[in-house]
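Everything on this sheet refers to the single structure shown next.
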Amino acid sequence: MGLEDEQKMLTESGDPEEEEEEEEELVDPLTTVREQCEQLEKCVKARERLELCDERVSSRSHTEEDCTEELFDFLHARDHCVAHKLFNNLK
């Protein structure tokens, strides 16, 4: 047992619940704003088009179609909303 271990033992409270509470309080504002933006009508419609495309492509065994365009449309709509709201939530 070294000096560092002894100092660590003296400074830690040893209460794992306290450490968990501190970790739970941290919430990424980007995640929160993205979730809010995904509820907007424009994003909901883009997600529906993406999900329909995914179902269509998944149901076929041999297809060259992919859902890249639909994915980019959804991400663009969501990120456009996020860009206007994110910095209002930062300190």
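Cβ coordinates are placed from backbone N, Cα and C, and glycine is handled just like the others.
As recorded in Swiss-Prot, the features of this protein are as follows:
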type	residues	note
REGION	1-30	region 'Disordered'
TRANSIT	1-13	transit peptide
COMPBIAS	14-27	compositional bias 'Acidic residues'
DISULFID	Cys37-Cys81	disulfide bond
MOD_RES	Lys42	N6-acetyllysine
DISULFID	Cys53-Cys67	disulfide bond
MOD_RES	Lys85	N6-acetyllysine
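Feature annotations (Swiss-Prot) mapped to structure.
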{"residue": "Cys37", "record": "disulfide bond", "contacts (Cβ under 8 Å, 6+ apart)": "Cys43, Arg78, Cys81, Val82, Lys85"}
{"residue": "Lys42", "record": "N6-acetyllysine", "contacts (Cβ under 8 Å, 6+ apart)": "Ala77, Cys81"}
{"residue": "Cys53", "record": "disulfide bond", "contacts (Cβ under 8 Å, 6+ apart)": "Glu65, Cys67, Glu70"}
